[in-house]
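Chemist: Annotations for this protein, taken from Swiss-Prot, read as follows:
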type: BINDING; residues: B:LEU12, B:SER13, B:GLY14, B:GLY15, B:LEU16, B:ASP17, B:SER18, B:SER19, B:THR20, B:VAL21, B:THR22; note: ATP binding site
type: BINDING; residues: B:CYS193, B:CYS201, B:CYS204, B:CYS207; note: Zn(2+) binding site
Protein chains: 2
Amino acid sequence: MNLKNKSIVVLLSGGLDSSTVTGIAKKSEAKIFGLSFDYGQRHKKELNSASIIAKHFDIEEFKIIKLDLSLWGGSSLTDSQKNIPIEGVQANKIPNTYVPGRNTIFISVALSYAEAIDADFIGLGVNALDYSGYPDCRPDYIKKFQELADLANKRGRENNPIKLWTPLLDLNKEEIIKLAFDNHVPFDKTWSCYSGNSKPCGKCDSCRIRNAAYEKWLNNKNKK
Amino acid sequence: MNLKNKSIVVLLSGGLDSSTVTGIAKKSEAKIFGLSFDYGQRHKKELNSASIIAKHFDIEEFKIIKLDLSLWGGSSLTDSQKNIPIEGVQANKIPNTYVPGRNTIFISVALSYAEAIDADFIGLGVNALDYSGYPDCRPDYIKKFQELADLANKRGRENNPIKLWTPLLDLNKEEIIKLAFDNHVPFDKTWSCYSGNSKPCGKCDSCRIRNAAYEKWLNNKNKK
(Lines of atoms letter the chains of each structure in order from A and count residues from 1; the text may use other names and numbers.)
(Lines give C-alpha, C1' and ligand atoms only; values in the text may rest on other atoms or scores of the structure.)
Protein backbone atom coordinates (compact mmCIF):
# COMPACT_ATOMS: atom_id res chain seq x y z
CA MET A 1 0.00 0.00 0.00
CA ASN A 2 1.61 3.28 -1.05
CA LEU A 3 0.72 5.83 1.62
CA LYS A 4 3.24 8.48 0.62
CA ASN A 5 1.67 11.95 1.02
CA LYS A 6 -1.74 10.35 1.54
CA SER A 7 -3.91 11.60 4.40
CA ILE A 8 -4.82 8.92 6.90
CA VAL A 9 -6.94 9.06 10.05
CA VAL A 10 -5.46 6.69 12.63
CA LEU A 11 -7.51 5.46 15.59
CA LEU A 12 -4.80 5.98 18.18
CA SER A 13 -5.62 4.59 21.61
CA GLY A 14 -2.07 4.78 22.91
CA GLY A 15 -1.75 1.00 22.99
CA LEU A 16 0.92 -1.06 21.27
CA ASP A 17 -1.15 -1.90 18.19
CA SER A 18 -2.42 1.55 17.24
CA SER A 19 1.00 3.05 18.01
CA THR A 20 2.56 0.53 15.64
CA VAL A 21 0.08 1.47 12.90
CA THR A 22 1.05 5.12 13.47
CA GLY A 23 4.74 4.20 13.19
CA ILE A 24 4.22 2.30 9.94
CA ALA A 25 2.20 5.18 8.48
CA LYS A 26 4.94 7.62 9.50
CA LYS A 27 7.67 5.56 7.87
CA SER A 28 5.49 5.44 4.75
CA GLU A 29 5.45 9.27 4.76
CA ALA A 30 1.70 9.53 5.15
CA LYS A 31 0.01 12.61 6.62
CA ILE A 32 -1.36 11.31 9.90
CA PHE A 33 -4.48 12.58 11.71
CA GLY A 34 -4.76 10.86 15.10
CA LEU A 35 -8.09 10.27 16.81
CA SER A 36 -8.54 9.13 20.42
CA PHE A 37 -11.64 8.67 22.55
CA ASP A 38 -12.34 9.68 26.09
CA TYR A 39 -15.24 7.24 26.43
CA GLY A 40 -15.44 6.68 30.16
CA GLN A 41 -12.80 3.96 30.11
CA ARG A 42 -11.23 2.74 33.33
CA HIS A 43 -7.79 3.05 31.76
CA LYS A 44 -8.17 6.66 30.71
CA LYS A 45 -4.43 7.04 31.20
CA GLU A 46 -3.99 5.41 27.78
CA LEU A 47 -4.84 8.88 26.45
CA ASN A 48 -1.56 10.21 27.88
CA SER A 49 0.24 7.56 25.88
CA ALA A 50 -1.72 8.48 22.77
CA SER A 51 -0.62 12.12 23.16
CA ILE A 52 3.00 11.07 23.64
CA ILE A 53 2.92 8.85 20.52
CA ALA A 54 1.26 11.66 18.52
CA LYS A 55 4.05 14.03 19.52
CA HIS A 56 6.77 11.42 19.03
CA PHE A 57 5.74 10.91 15.40
CA ASP A 58 5.02 14.61 14.89
CA ILE A 59 1.64 13.94 13.29
CA GLU A 60 -0.45 16.61 11.52
CA GLU A 61 -3.31 16.75 14.00
CA PHE A 62 -4.39 14.88 17.12
CA LYS A 63 -7.92 14.98 18.48
CA ILE A 64 -9.46 13.47 21.59
CA ILE A 65 -13.22 13.02 21.28
CA LYS A 66 -15.48 12.83 24.32
CA LEU A 67 -18.29 10.28 24.12
CA ASP A 68 -19.45 8.82 27.39
CA LEU A 69 -20.16 5.10 26.94
CA SER A 70 -20.26 4.63 30.72
CA LEU A 71 -23.79 6.08 30.48
CA TRP A 72 -24.92 2.52 29.83
CA GLY A 73 -21.82 0.49 30.73
CA GLY A 74 -22.20 -3.13 29.73
CA SER A 75 -18.44 -3.73 30.09
CA SER A 76 -15.90 -4.01 32.87
CA LEU A 77 -13.93 -1.27 31.10
CA THR A 78 -16.76 1.27 31.44
CA ASP A 79 -18.53 0.03 34.58
CA SER A 80 -16.51 0.16 37.81
CA GLN A 81 -18.92 -2.33 39.42
CA LYS A 82 -17.57 -5.07 37.17
CA ASN A 83 -14.19 -6.73 37.67
CA ILE A 84 -11.54 -7.07 34.97
CA PRO A 85 -11.06 -10.82 34.33
CA ILE A 86 -7.63 -12.18 35.23
CA GLU A 87 -8.11 -15.86 34.42
CA GLY A 88 -6.78 -15.57 30.87
CA VAL A 89 -8.47 -15.64 27.47
CA GLN A 90 -11.10 -18.41 27.18
CA ALA A 91 -11.60 -20.00 23.75
CA ASN A 92 -14.82 -18.99 21.97
CA LYS A 93 -15.84 -16.72 24.83
CA ILE A 94 -16.24 -12.97 24.60
CA PRO A 95 -14.84 -11.53 27.86
CA ASN A 96 -16.56 -8.78 29.86
CA THR A 97 -13.90 -6.29 28.78
CA TYR A 98 -15.74 -6.19 25.47
CA VAL A 99 -17.37 -2.75 25.19
CA PRO A 100 -20.71 -2.94 23.32
CA GLY A 101 -20.36 -1.33 19.91
CA ARG A 102 -17.04 0.33 20.66
CA ASN A 103 -15.18 -0.31 17.42
CA THR A 104 -18.30 0.34 15.34
CA ILE A 105 -18.62 3.75 16.99
CA PHE A 106 -14.91 4.56 16.75
CA ILE A 107 -14.63 3.62 13.07
CA SER A 108 -17.84 5.56 12.31
CA VAL A 109 -16.43 8.70 13.92
CA ALA A 110 -13.15 8.19 12.06
CA LEU A 111 -15.15 7.89 8.84
CA SER A 112 -16.82 11.22 9.55
CA TYR A 113 -13.46 12.89 10.29
CA ALA A 114 -11.82 11.32 7.22
CA GLU A 115 -14.62 12.49 4.95
CA ALA A 116 -14.54 16.04 6.34
CA ILE A 117 -10.76 16.40 5.79
CA ASP A 118 -10.81 14.34 2.57
CA ALA A 119 -8.48 11.62 3.88
CA ASP A 120 -8.07 8.45 1.83
CA PHE A 121 -7.50 5.93 4.61
CA ILE A 122 -8.47 4.99 8.13
CA GLY A 123 -5.72 3.15 9.97
CA LEU A 124 -6.79 0.55 12.53
CA GLY A 125 -4.68 -1.52 14.92
CA VAL A 126 -7.12 -4.42 15.05
CA ASN A 127 -5.70 -7.93 15.01
CA ALA A 128 -7.38 -11.24 15.35
CA LEU A 129 -4.72 -13.73 16.41
CA ASP A 130 -3.44 -12.83 19.89
CA TYR A 131 -6.51 -10.91 20.99
CA SER A 132 -9.35 -10.99 23.48
CA GLY A 133 -11.93 -12.52 21.13
CA TYR A 134 -13.93 -9.34 20.54
CA PRO A 135 -16.45 -9.68 17.70
CA ASP A 136 -15.54 -6.25 16.31
CA CYS A 137 -11.86 -7.10 15.73
CA ARG A 138 -12.40 -10.00 13.34
CA PRO A 139 -11.64 -9.98 9.60
CA ASP A 140 -15.27 -10.59 8.53
CA TYR A 141 -16.37 -7.58 10.57
CA ILE A 142 -13.72 -5.31 9.04
CA LYS A 143 -14.62 -6.49 5.54
CA LYS A 144 -18.28 -5.75 6.21
CA PHE A 145 -17.50 -2.30 7.58
CA GLN A 146 -15.65 -1.51 4.34
CA GLU A 147 -18.77 -2.49 2.40
CA LEU A 148 -20.79 -0.16 4.64
CA ALA A 149 -18.30 2.70 4.14
CA ASP A 150 -18.68 2.22 0.38
CA LEU A 151 -22.37 3.17 0.76
CA ALA A 152 -22.31 5.50 3.76
CA ASN A 153 -20.97 8.70 2.30
CA LYS A 154 -20.34 10.90 -0.73
CA ARG A 155 -16.89 9.43 -1.37
CA GLY A 156 -18.27 5.91 -1.35
CA ARG A 157 -21.20 6.81 -3.62
CA GLU A 158 -18.76 8.41 -6.06
CA ASN A 159 -16.74 5.17 -6.27
CA ASN A 160 -13.81 6.71 -4.44
CA PRO A 161 -14.36 5.20 -0.99
CA ILE A 162 -12.28 5.83 2.08
CA LYS A 163 -10.36 2.61 2.72
CA LEU A 164 -9.91 0.83 6.04
CA TRP A 165 -6.23 -0.02 6.42
CA THR A 166 -5.48 -2.82 8.90
CA PRO A 167 -1.81 -3.76 8.53
CA LEU A 168 -1.78 -5.88 11.72
CA LEU A 169 -4.94 -7.91 11.10
CA ASP A 170 -3.24 -11.25 10.45
CA LEU A 171 -0.15 -10.83 12.62
CA ASN A 172 0.54 -12.39 15.99
CA LYS A 173 1.62 -10.19 18.88
CA GLU A 174 5.29 -11.10 18.59
CA GLU A 175 5.30 -9.98 14.96
CA ILE A 176 3.58 -6.74 15.99
CA ILE A 177 6.26 -6.06 18.60
CA LYS A 178 8.93 -6.61 15.96
CA LEU A 179 7.12 -4.17 13.64
CA ALA A 180 6.84 -1.67 16.48
CA PHE A 181 10.60 -1.62 17.00
CA ASP A 182 11.29 -1.63 13.26
CA ASN A 183 9.10 1.48 12.93
CA HIS A 184 10.57 3.41 15.88
CA VAL A 185 7.60 3.08 18.21
CA PRO A 186 8.66 4.03 21.75
CA PHE A 187 7.47 0.69 23.14
CA ASP A 188 7.77 1.64 26.82
CA LYS A 189 5.59 4.71 26.28
CA THR A 190 2.62 2.72 24.94
CA TRP A 191 -0.10 1.61 27.37
CA SER A 192 -2.05 -1.62 26.93
CA CYS A 193 -3.23 -2.49 30.47
CA TYR A 194 -6.99 -2.49 31.10
CA SER A 195 -6.56 -1.31 34.68
CA GLY A 196 -6.11 2.37 35.38
CA ASN A 197 -3.29 1.87 37.89
CA SER A 198 0.06 3.62 37.81
CA LYS A 199 1.81 0.46 36.59
CA PRO A 200 0.47 -2.28 34.27
CA CYS A 201 -1.26 -4.99 36.34
CA GLY A 202 0.35 -7.89 34.48
CA LYS A 203 -2.80 -9.97 35.00
CA CYS A 204 -5.44 -8.71 32.57
CA ASP A 205 -5.73 -10.26 29.09
CA SER A 206 -4.10 -7.26 27.49
CA CYS A 207 -1.05 -7.39 29.81
CA ARG A 208 -0.74 -11.17 29.54
CA ILE A 209 -0.82 -11.21 25.75
CA ARG A 210 1.63 -8.32 25.50
CA ASN A 211 4.05 -9.63 28.11
CA ALA A 212 4.11 -13.18 26.74
CA ALA A 213 4.81 -11.87 23.23
CA TYR A 214 7.51 -9.53 24.50
CA GLU A 215 9.29 -12.40 26.27
CA LYS A 216 9.12 -14.48 23.11
CA TRP A 217 10.38 -11.64 20.94
CA LEU A 218 13.25 -10.97 23.37
CA ASN A 219 14.25 -14.65 23.48
CA ASN A 220 14.23 -14.95 19.71
CA LYS A 221 16.23 -11.73 19.38
CA ASN A 222 18.86 -12.88 21.86
CA LYS A 223 19.20 -16.22 20.06
CA LYS A 224 20.29 -14.48 16.88
CA MET B 1 -43.64 -6.68 13.37
CA ASN B 2 -44.87 -7.48 16.89
CA LEU B 3 -43.22 -5.02 19.24
CA LYS B 4 -45.42 -5.65 22.27
CA ASN B 5 -43.29 -5.56 25.45
CA LYS B 6 -40.12 -5.55 23.35
CA SER B 7 -37.39 -3.07 24.21
CA ILE B 8 -36.53 -0.70 21.42
CA VAL B 9 -33.95 2.08 21.19
CA VAL B 10 -35.36 4.91 19.07
CA LEU B 11 -33.10 7.54 17.52
CA LEU B 12 -35.27 10.50 18.44
CA SER B 13 -34.14 13.79 16.90
CA GLY B 14 -37.38 15.63 17.65
CA GLY B 15 -38.26 15.82 13.95
CA LEU B 16 -41.45 14.56 12.34
CA ASP B 17 -40.02 11.21 11.20
CA SER B 18 -38.41 10.02 14.43
CA SER B 19 -41.39 11.28 16.45
CA THR B 20 -43.67 9.22 14.21
CA VAL B 21 -41.53 6.12 14.77
CA THR B 22 -41.82 6.76 18.51
CA GLY B 23 -45.60 7.07 18.18
CA ILE B 24 -45.89 3.81 16.25
CA ALA B 25 -43.70 2.01 18.80
CA LYS B 26 -45.83 3.40 21.63
CA LYS B 27 -49.07 2.24 20.03
CA SER B 28 -47.44 -1.18 19.59
CA GLU B 29 -46.82 -1.24 23.35
CA ALA B 30 -43.04 -1.43 23.03
CA LYS B 31 -40.71 -0.28 25.81
CA ILE B 32 -39.06 2.76 24.29
CA PHE B 33 -35.56 4.05 25.04
CA GLY B 34 -35.02 7.38 23.27
CA LEU B 35 -31.59 8.57 22.17
CA SER B 36 -30.76 12.09 20.95
CA PHE B 37 -27.49 13.72 19.99
CA ASP B 38 -26.11 17.09 20.86
CA TYR B 39 -23.59 17.01 18.00
CA GLY B 40 -22.91 20.69 17.41
CA GLN B 41 -25.91 21.08 15.11
CA ARG B 42 -27.12 24.52 14.12
CA HIS B 43 -30.69 23.50 14.98
CA LYS B 44 -29.92 22.35 18.49
CA LYS B 45 -33.43 23.40 19.43
CA GLU B 46 -34.64 20.12 17.92
CA LEU B 47 -33.49 18.62 21.23
CA ASN B 48 -36.26 20.51 23.04
CA SER B 49 -38.75 18.86 20.71
CA ALA B 50 -37.16 15.47 21.35
CA SER B 51 -37.62 15.96 25.10
CA ILE B 52 -41.25 17.01 24.62
CA ILE B 53 -41.99 13.95 22.45
CA ALA B 54 -40.23 11.68 24.97
CA LYS B 55 -42.45 13.06 27.76
CA HIS B 56 -45.58 13.02 25.59
CA PHE B 57 -45.20 9.29 24.95
CA ASP B 58 -44.01 8.62 28.51
CA ILE B 59 -41.05 6.53 27.31
CA GLU B 60 -38.89 4.41 29.65
CA GLU B 61 -35.70 6.41 29.31
CA PHE B 62 -34.46 9.36 27.28
CA LYS B 63 -30.78 10.17 26.83
CA ILE B 64 -29.03 13.03 25.08
CA ILE B 65 -25.47 12.15 24.06
CA LYS B 66 -22.84 14.80 23.50
CA LEU B 67 -20.51 14.22 20.55
CA ASP B 68 -19.09 17.29 18.90
CA LEU B 69 -19.05 16.81 15.12
CA SER B 70 -18.43 20.54 14.62
CA LEU B 71 -14.81 19.71 15.50
CA TRP B 72 -14.35 18.96 11.82
CA GLY B 73 -17.55 20.37 10.30
CA GLY B 74 -17.89 19.38 6.67
CA SER B 75 -21.58 20.32 6.64
CA SER B 76 -23.69 23.48 6.73
CA LEU B 77 -25.45 21.98 9.76
CA THR B 78 -22.25 21.85 11.82
CA ASP B 79 -20.24 24.70 10.31
CA SER B 80 -21.68 28.20 10.74
CA GLN B 81 -19.46 29.47 7.89
CA LYS B 82 -21.55 27.48 5.40
CA ASN B 83 -25.03 28.52 4.29
CA ILE B 84 -28.09 26.28 4.38
CA PRO B 85 -29.24 25.80 0.76
CA ILE B 86 -32.67 27.25 -0.07
CA GLU B 87 -32.88 26.43 -3.77
CA GLY B 88 -34.68 23.12 -3.24
CA VAL B 89 -33.58 19.51 -3.56
CA GLN B 90 -31.49 18.86 -6.69
CA ALA B 91 -31.79 15.44 -8.32
CA ASN B 92 -28.76 13.16 -7.82
CA LYS B 93 -26.96 15.77 -5.76
CA ILE B 94 -26.03 15.42 -2.11
CA PRO B 95 -26.65 18.83 -0.48
CA ASN B 96 -24.23 20.48 1.95
CA THR B 97 -26.62 19.78 4.83
CA TYR B 98 -25.32 16.22 4.66
CA VAL B 99 -23.24 15.64 7.81
CA PRO B 100 -20.31 13.29 7.13
CA GLY B 101 -20.91 9.95 8.78
CA ARG B 102 -23.80 11.16 10.92
CA ASN B 103 -26.20 8.26 10.60
CA THR B 104 -23.38 5.72 10.79
CA ILE B 105 -22.30 7.25 14.09
CA PHE B 106 -25.84 7.56 15.46
CA ILE B 107 -26.82 3.98 14.60
CA SER B 108 -23.50 2.71 16.02
CA VAL B 109 -24.15 4.45 19.34
CA ALA B 110 -27.72 3.14 19.35
CA LEU B 111 -26.30 -0.35 18.78
CA SER B 112 -24.05 0.04 21.81
CA TYR B 113 -26.96 1.26 23.97
CA ALA B 114 -29.27 -1.49 22.69
CA GLU B 115 -26.72 -4.19 23.42
CA ALA B 116 -26.03 -2.87 26.93
CA ILE B 117 -29.75 -2.82 27.88
CA ASP B 118 -30.53 -5.98 25.86
CA ALA B 119 -33.01 -4.28 23.53
CA ASP B 120 -34.22 -6.19 20.48
CA PHE B 121 -34.73 -3.32 18.07
CA ILE B 122 -33.38 0.03 16.95
CA GLY B 123 -36.07 2.30 15.55
CA LEU B 124 -35.03 4.71 12.80
CA GLY B 125 -37.03 7.43 11.07
CA VAL B 126 -35.07 7.24 7.81
CA ASN B 127 -37.01 7.47 4.58
CA ALA B 128 -35.81 7.62 1.03
CA LEU B 129 -38.64 9.13 -0.99
CA ASP B 130 -39.20 12.73 0.07
CA TYR B 131 -35.73 13.32 1.47
CA SER B 132 -32.60 15.35 0.91
CA GLY B 133 -30.66 12.65 -0.97
CA TYR B 134 -28.33 11.71 1.87
CA PRO B 135 -26.36 8.51 1.15
CA ASP B 136 -26.94 7.21 4.68
CA CYS B 137 -30.75 7.23 4.42
CA ARG B 138 -31.05 4.83 1.49
CA PRO B 139 -32.35 1.25 1.66
CA ASP B 140 -29.08 -0.35 0.50
CA TYR B 141 -27.22 1.45 3.29
CA ILE B 142 -29.71 0.29 5.95
CA LYS B 143 -29.55 -3.28 4.67
CA LYS B 144 -25.75 -3.20 4.83
CA PHE B 145 -25.79 -1.78 8.35
CA GLN B 146 -27.96 -4.70 9.44
CA GLU B 147 -25.36 -7.08 8.00
CA LEU B 148 -22.69 -5.23 9.98
CA ALA B 149 -24.77 -5.39 13.18
CA ASP B 150 -25.05 -9.14 12.68
CA LEU B 151 -21.24 -9.36 13.04
CA ALA B 152 -20.47 -6.44 15.32
CA ASN B 153 -21.50 -7.72 18.70
CA LYS B 154 -22.24 -10.65 21.00
CA ARG B 155 -25.93 -10.73 20.08
CA GLY B 156 -25.12 -10.86 16.39
CA ARG B 157 -22.48 -13.57 16.84
CA GLU B 158 -24.99 -15.63 18.81
CA ASN B 159 -27.50 -15.48 15.94
CA ASN B 160 -29.83 -13.23 17.91
CA PRO B 161 -29.00 -9.90 16.29
CA ILE B 162 -30.47 -6.54 17.23
CA LYS B 163 -32.74 -5.56 14.35
CA LEU B 164 -32.94 -2.19 12.64
CA TRP B 165 -36.60 -1.23 12.36
CA THR B 166 -37.39 1.38 9.69
CA PRO B 167 -41.19 1.60 9.33
CA LEU B 168 -41.03 4.80 7.22
CA LEU B 169 -38.36 3.73 4.75
CA ASP B 170 -40.63 3.41 1.70
CA LEU B 171 -43.25 6.03 2.59
CA ASN B 172 -43.64 9.49 1.14
CA LYS B 173 -43.90 12.47 3.45
CA GLU B 174 -47.66 12.76 3.15
CA GLU B 175 -48.05 9.14 4.26
CA ILE B 176 -45.72 9.84 7.18
CA ILE B 177 -47.83 12.82 8.26
CA LYS B 178 -50.92 10.63 8.14
CA LEU B 179 -49.15 8.04 10.29
CA ALA B 180 -48.05 10.76 12.70
CA PHE B 181 -51.63 11.85 13.33
CA ASP B 182 -52.87 8.24 13.45
CA ASN B 183 -50.33 7.53 16.17
CA HIS B 184 -51.00 10.63 18.31
CA VAL B 185 -47.80 12.50 17.50
CA PRO B 186 -48.14 16.15 18.59
CA PHE B 187 -47.30 17.39 15.09
CA ASP B 188 -46.87 21.05 16.03
CA LYS B 189 -44.34 20.13 18.75
CA THR B 190 -41.96 18.38 16.33
CA TRP B 191 -39.10 20.38 14.79
CA SER B 192 -37.76 19.70 11.29
CA CYS B 193 -36.19 23.03 10.22
CA TYR B 194 -32.43 23.07 9.63
CA SER B 195 -32.09 26.66 10.84
CA GLY B 196 -31.87 27.34 14.53
CA ASN B 197 -34.28 30.27 14.48
CA SER B 198 -37.30 30.69 16.72
CA LYS B 199 -39.70 29.82 13.89
CA PRO B 200 -39.19 27.37 10.98
CA CYS B 201 -37.60 29.19 8.03
CA GLY B 202 -39.89 27.65 5.41
CA LYS B 203 -37.06 27.70 2.86
CA CYS B 204 -34.66 24.87 3.73
CA ASP B 205 -35.15 21.42 2.17
CA SER B 206 -36.51 20.05 5.40
CA CYS B 207 -39.16 22.82 5.73
CA ARG B 208 -40.09 22.66 2.04
CA ILE B 209 -40.61 18.89 2.03
CA ARG B 210 -42.59 18.99 5.27
CA ASN B 211 -44.75 21.96 4.31
CA ALA B 212 -45.57 20.67 0.84
CA ALA B 213 -46.59 17.30 2.27
CA TYR B 214 -48.68 18.92 4.99
CA GLU B 215 -50.58 20.99 2.41
CA LYS B 216 -51.20 17.88 0.36
CA TRP B 217 -52.35 15.89 3.38
CA LEU B 218 -54.69 18.71 4.45
CA ASN B 219 -56.19 19.03 0.97
CA ASN B 220 -56.79 15.31 0.69
CA LYS B 221 -58.29 15.23 4.18
CA ASN B 222 -60.67 18.11 3.41
CA LYS B 223 -61.78 16.41 0.18
CA LYS B 224 -63.06 13.41 2.11
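If you go along the chain as it appears here, the first residue is 1 and each next one adds 1.
Placement of Cβ uses the backbone N, Cα and C atoms for every residue, glycine included.
Tell me what's around each of these sites.
Modeler: DSSP gives B:LEU12 (ATP binding site) a coil state; it is part of no helix or strand.
Under DSSP, B:CYS201 (Zn(2+) binding site) is assigned to coil, being neither helix nor strand in the three-state scheme. Shown in sequence order, B:ILE84, B:ILE86, B:CYS193, B:TYR194, B:SER195, B:CYS207 are the residues of the chain, 6+ apart in sequence, with a C-beta less than 8 angstroms from the C-beta of B:CYS201 (Zn(2+) binding site).
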Chemist: So, in DSSP terms, is B:THR20 (ATP binding site) helix, strand, or coil?
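Modeler: Note: B:THR20 (ATP binding site) is helical by DSSP.
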Chemist: Specify all same-chain residues, apart from the site residues B:LEU12, B:SER13, B:GLY14, B:GLY15, B:LEU16, B:ASP17, B:SER18, B:SER19, B:THR20, B:VAL21, B:THR22, whose Cβ lies within 8 angstroms of the center of the Cβ atoms of the ATP site, ordered by sequence.
Modeler: B:VAL10, B:ALA50, B:ILE53, B:GLY125, B:VAL185, B:THR190
Chemist: Relative to the mean position of the Cβ atoms of B:CYS193, B:CYS201, B:CYS204, B:CYS207, the recorded Zn(2+) site, which additional same-chain residues have Cβ within 8 Å?
Modeler: B:ILE84, B:SER192, B:TYR194, B:SER195, B:PRO200, B:GLY202, B:LYS203, B:ASP205, B:SER206, B:ARG208
Chemist: Using C-alpha atoms only, work out the spacing between B:CYS204 (Zn(2+) binding site) and B:THR20 (ATP binding site) and round it to an integer in Å.
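Modeler: With the alpha carbons as reference points, the distance is 21 Å.
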